[in-house]
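Pulled from Swiss-Prot:
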type    : residues                                               : note
BINDING : Glu130, His270, Glu358                                 : Mg(2+) 1 binding site
BINDING : Glu132, Glu213, Glu221                                 : Mg(2+) 2 binding site
BINDING : Glu208, His272, Met273, Ser274, Arg340, Arg345, Lys353 : ATP binding site
BINDING : Asn265, Gly266, Arg322, Glu328, Arg340, Arg360         : L-glutamate binding site
DOMAIN  : 13-97                                                  : domain 'GS beta-grasp'
DOMAIN  : 105-469                                                : domain 'GS catalytic'
MOD_RES : Tyr398                                                 : O-AMP-tyrosine
Amino acid sequence: MSLEHVLSMIEEHKVRYIDLRFTDTRGKEQHLTIPAHQVNDDFFEEGKMFDGSSIGGWKGINESDMVLMPDASTAMLDPFFQDPTLIIRCDVLEPGTMQGYDRDPRSISKRAEDYLKSSGIADTVLFGPEPEFFLFDDIRFKNDISGASYAINDIEAAWNTNTKYEDGNKGHRPMVKGGYFPLPPVDSSQDIRSTMCNIMEEMGLVVEAHHHEVATAGQNEVATRFNTMTKKADETQIYKYVVQNVAHVFGKTATFMPKPLVGDNGSGMHCHMSLSKNGTNLFAGDKYGGLSEMALYYIGGIIKHARALNAFTNPTTNSYKRLVPGFEAPVMLAYSARNRSASIRIPVVASMKARRIEVRFPDPLANPYLAFAAQLMAGLDGITNKIHPGDAMDKNLYDLPPEEAKEIPTVAGSLEEALNALDADREFLTHGGVFTNDSIDAYLALLRTDVQRVRMAPHPLEFEMYYSA
């Protein structure tokens, strides 16, 4: 998409504002809105200056100036703003060099794609993430010196079977772990998801399906088609934006927290991926599960670096409340065809062109640019160093006896473990200057503040366990 096309969109749709969007280190989209009349030739060459010191984990106040460089190919109409507004995604550049800022997630993703091409291994990596989310009616939480609490409510929640409502309790709701695929009225989110799909398609995503997920209280998923890595990361941000805003329009509140409910399934973001060169799928072959030797080496790299990857794919303290056995959480670092208890699955496909792997431990609070790039770099390290993943595990890993289970490596058990693993195992990420030691150090420092904050806060459960001891 060219400047001319952007200008024609502005004229055709009587656009009044341009919303410049970028993603911070934690994966949250930020934005800056400017009048549409500021868009001209210079705008796409010079960008828009902004204060980078206001973004956590980025610049200090003494060197705060940074450049938002709009990517004209990402222009699309915003479906929610009152005034006609055009969204344009931006890379964050250093003003002195006009090169991608080494801590900018989107620039890191683009450098990873460039590194893939320069390696000669492949020219394209495809990603297909599957973010899950909850829709609640009401969420309240409190954290201050006087105490801490949270409360979740939703008309669909299993705990509301005996709740009195003004117009009566209709009784149709999914029980704990009983939400997968029921028809309405048990599935109360059908129309909300359909609206999400309509808007996602208007914004360029290709929707493949939508459905209720396993958990009670409104766990849902919209499945969208794969794309190249940075484009799919852009689409993941669009996906989250649409989910949260459509929920708001319907009087609901959406969360991508991995584990908001105790005792029911959490939300994951399984990541499907494959490599290709000159249009040929390099993961298709005659090895286990129809994979190529290259694909097996890629899996070997993911398994070898999994705990370091967890720092990007599972970047919150809440992430590790999902990654526990017994809740369809893939904690064991093994691979298998079809077996959903393994952390890496080889899906059944209709043709060899669709051959791919599915990494199942990521969750939807991952920054998609960083999580996708880190997984690619781990896989490429596996290919370069011919890291074989060993034998596949086709048995149900959730039911293994303890003596067998302890022989299988697992993902990190906490955010602190994951951050320490990344600190010790980072070299594979720095190949080709994709990640820098500076960007990794800044990431570690930012997320360690989360670990420390949670560590220092008394938990309500501790009062139940210890108050009268």
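Yeah, the Cβs are placed from backbone N, Cα and C, and that goes for glycine too.
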Fewest-neighbour residue among binding-site residues, criterion Cβ within 10 Å, set Arg322, Arg340, Arg360: Arg340
Distance check against Asn265 (L-glutamate binding site) for the recorded positions Glu132, Glu208, Glu213, Ser274, Arg345, Tyr398, keeping those with Cα within 10 Å: Glu213
Long-range Cβ environment of Glu130 (Mg(2+) 1 binding site), under 8 Å and at least 6 residues apart: Glu221, Ala223, Gly268, Met269, His270, Cys271, His272
Sorted by sequence, non-Glu132, Glu213, Glu221 residues with Cβ within 8 Å of centre, Mg(2+) 2: Glu130, Pro131, Phe133, His211, His212, Val214, Gln219, Asn220, Ser267, Gly268
Tally of DSSP helical, extended and coil residues in the domain 'GS beta-grasp' (13-97): 16 helix, 35 strand, 34 coil
Arg340 (ATP binding site) versus binding-site residues Glu132, Gly266, Arg360 - nearest by Cα: Arg360
Cα-to-Cα gap, Glu132 (Mg(2+) 2 binding site) vs Met273 (ATP binding site), nearest whole Å: 18
Euclidean distance between Cα atoms of Arg322 (L-glutamate binding site) and Glu208 (ATP binding site), Å: 26
Candidate with the highest Cβ count within 10 Å, taken from the binding-site residues His270, His272, Arg345, Lys353: Arg345
